[in-house]
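Scroll down for the structure; my scribbles are underneath it.
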Amino acid sequence: MSHICLLIHGFTGGPYEIEPLRAYLAEKDCITKTFVLAGHGGTRKDMLNVSYQDWIAGADSELQKLLEQHESVHLIGFSTGALIAAHLSVRYPEQILTLTLLSAPVFPLNPRQIMRTLIQPQMIRAYWHNMWQVPPQATREFYKIVRASHEIYHQVDTPSFIVQAGQDHLVKPHSGTYLYNQLQIEEDNKCLLVIADSGHLVCHCKDPSAWFEEVYQWICRHTNPVQRL
């Protein structure tokens, strides 16, 4: 039995954000797929005139490619990718078997709070490039998808595994709990895991293999045999 997994990276990021988890799942019995969101992976100009609807549409297109060959898919989203995954699960409740929502920016810090965290040396090294690469228009689209997502959380009917970083420098710590409570699904079909010593990039925390295994077990638990069409 193969588990078909589509992984979605975050705003201003790329597949590298979720590569450790993707690699872990691929070593199991998962077929994994990543891609680059619209406007990402290039220059500052590439992010201009790209809306959050374009990000969702691009992910939808990648999902459809998988659904042409497989009956159902597991969605894994990091940061803004988690919001995109939630939107897709509402669109395609019969085809999405599980959601794994990593560091979802349900309540992102405001820009002033973010700047206070970015003055730390390790944060400057990690995010200096993005601080100058992202045009204001793109940032506005980020906040638009954050707001739009609050309208659909209660519509999610897919088993959901939520991972919240305990030391997240971009997302308020109660985001995970709020999201868990907003999902109107049975307790057995939702789970909240807090990685106490991790920052926003949870897939790159120290010794992530333990919680990677929990994600894998969640996928296994909610998978029916997948038949190729």
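In case you wondered, yes, glycine gets a Cβ from its N, Cα and C as well.
What TrEMBL says about a protein is an automatic prediction, not a curated fact.
Marked as active site, nucleophile by TrEMBL: Ser79. In this view, Ser79 (active site, nucleophile) is surrounded by 28 other Cβ atoms within 10 Å of its Cβ, with every protein chain counted. The secondary structure of Ser79 (active site, nucleophile), as reduced to three states from DSSP, is coil rather than helix or strand.
A simple way to gauge crowding: the CB of Asp168 (active site, charge relay system) has 24 other CB atoms within 10 angstroms, across all the protein chains here. Under the heading active site, charge relay system, TrEMBL lists Asp168 (among others).
For His200 (among others), the entry in TrEMBL reads active site, charge relay system. Long-range C-beta contacts of His200 (active site, charge relay system), restricted to its own chain and to partners at least six residues apart, with a cutoff below 8 Å, comprise Ser79, Ser103, Ala165, Asp168, His169, Leu170, Val171.
Annotation comment: TrEMBL describes 6-212 as domain 'AB hydrolase-1'.
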